[in-house]
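Okay, structure first, notes after.
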Amino acid sequence: MMERKLTILYGSQSGTAQDLAEQIWRESKMYFFRGNVLPMDEYDVSELIGERFVVCVCSTYGQGEEPDNMKRFWKFLLRKSLPTDSLQQVHFAVLGLGDSRYPKFNYVAKKLHKRLLQLGGAALLPVGLCDDQHDLGYGAVFLPWIDQLWEELGRIVPLPAGTHKLPESPREFRWKVELVEKCPQQTEAIDLYADVTMPNGFQTVVVENRRTTAKDHFQDVRMITFEKKAVPWSSGDVLYVRPHNSSESIDQLFQLFQQHEIQLDRDTFVHVKAIDSEMPVPSILQRPLPLVVIAEQYWDLTAIPRARAFAVLAKHCSNELEREKLIEFSRYEGQEELFSYANRPRRTILEVLQDFPHATKCLTLEALFELFQPIKPRAFSIASAVESGKLQILVAVIEYRTKLSVPRRGLCSNWLKLLTPGQVVNAWVRKSTFQLPADNKIPLVMIGPGTGLAPFRGILQERELSETPTSAPLVLFFGCRSSTADFHCEEDLKRMEQSGMLQLFCAFSRDQPDKIYVQHIIKQQGALLKKLLVENGGYVLVSGSSKSMPQAVKEALIEAIGDAQHIEDMIQANRYQEETWA
């Protein structure tokens, strides 16, 4: 009988691909498979040749880039010296996570699938292409895809006679969690990630946290300045930070514990331990820790729960009505209901726990580590040039209302809002998804409404401070509500315009009866844009909200230059690039 080993590898930038890989690993136990789940770069890729069954889950970042923790794995697979029959014994399946708003949708998964075929591997399934734009999220593709995976594996390696698929995974929890009776003496604040080394990582200090919008403006936007460190960056690069939960959310969690007679408080020390080598404990959790630190720095208390969370809640729920609803939300057939309950109103995991009191009362420590997703790092375009001596980001503080009575607040932006000068922050820099032309004489047309301005302010500042000023035309289309309320970096942009370095076009949507957006201004500049983009081979860079703006801008550019095919050719040649976010 063929060995029932299934190796599950992931390339994950924000943690979602890791979550799905772990779900596949958990379900594999129902079919009596064994095997590790780990990042591609922590896997000894030379062992791939000896594998029989491999599942790869990977996201696509920016302009078709692979995540940081699969770069070495991918580089190895691209070696031209690898024989085309290297993986002839390997059956594989690739699941991709992407966003169809981007031209290179799920590019990494498609490339990986193709390369594994080239090396002789046999595909168990067509590549799964999860789309963040789908109403039901990644689950719309992932849930049926994983069912097909077990069906195909069952055909190739059927269960031994007399053995049947288990009704649920015997591996309910990833780790075991123990209460520590003799608590260590805590003399100083704990930073969970202090010893975690990231590429281009560093500690920096807040220098200034300044509101850039008028006090009576509905939105708070911040220009946050950090100390410049030795880590270099280039124009448009991205700064990553990992936020902490608010004191209000932490208070709410421990109040829930108290209300439901769960004997856990802030000073409770816990020790997370591995059950086996297949699912190791992250290094940051490998020592006894007070629960308040985990609640502040590790569990995302504002996350919108996925189907897995409802399955965990249902497991030991004593109330039949609650249990039925939780099971419905956890299954593929109930995903539309789950979307209406959780995703559409942006209901947080803490609010879900309040809605299901009987299930909450039955929670164990192990279940809490399944229920709460880890806090994921957030990315912000760097809004300054190295030459300025400052590391700056432009942050819109997220707060909005849904049908729920309490306003929704962005975890990271509200954490950043409260940073004060002198506070230490762990951060790291990643290359921009924008790929600028090497020749500074090539025109740049930048389109950045709102905080989409950030990477362009860095690009412009670098050109302004350069010892060899550019002679290329630099054009910026900027948009905001009002010239007096939210005109970010107004002084800088007007100075650059007056010097002749920049052509600036502004759309202030609320300064006149009829709303005017950047796409309206673009349509008025047909002659200029045709000269820069068609005759002079210029680049278009678009930054900002991913909702309707990118498509409206693209349509406006097509109308302005009168040539849809030219815009498509620019996209294919990477001369038309977008960096957008939800």
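Glycine residues also receive a Cβ, built from the backbone N, Cα and C atoms like all the rest.
According to TrEMBL, the FMN binding site annotation covers S12, Q13, S14, G15, T16, A17, S59, T60, Y61, G62, D132. Around the Cβ of D132 (FMN binding site), the number of neighbouring Cβ atoms within 10 Å comes to 17.
Residues annotated as FAD binding site in TrEMBL: R346, R378, A379, F380, S381, G410, L411, C412, S413, W581. Around R346 (FAD binding site), the same-chain residues six or more apart in sequence whose CB sits under 8 Å from its CB are I304, T402, L404, R408, listed in sequence order.
Look at TrEMBL and you will find T451, S509, R510, K515, I516, Y517, V518, Q519 tagged as NADP(+) binding site.
Annotation source TrEMBL lists domain 'Flavodoxin-like' at 6-150. Confidence annotation: the domain 'Flavodoxin-like' (6-150) carries a mean pLDDT of 92 in the model.
Per TrEMBL, the feature domain 'FAD-binding FR-type' maps to 199-437.
Around the Cβ of Y517 (NADP(+) binding site), the number of neighbouring Cβ atoms within 10 Å comes to 18. If you measure from the Cα atom of T451 (NADP(+) binding site) to that of S12 (FMN binding site), you get 26 Å. Long-range Cβ proximity for S509 (NADP(+) binding site), meaning a same-chain Cβ under 8 A and a gap of 6 or more residues, is found for G479, C480, R481, K515, I516, Y517. Candidate binding-site residues: T16, S381, T451. Fewest other C-beta atoms within 10 angstroms, T16. Break the domain 'Flavodoxin-like' (6-150) down by DSSP state and the numbers are 59 helix, 32 strand, 54 coil. Checked against A379 (FAD binding site) by C-alpha proximity, the binding-site residues S12, S14, T16, R510 yield S14 as the nearest. Neighbour counts of Cβ atoms within 10 Å were compared across the binding-site residues L411, I516, V518; the minimum falls on I516.
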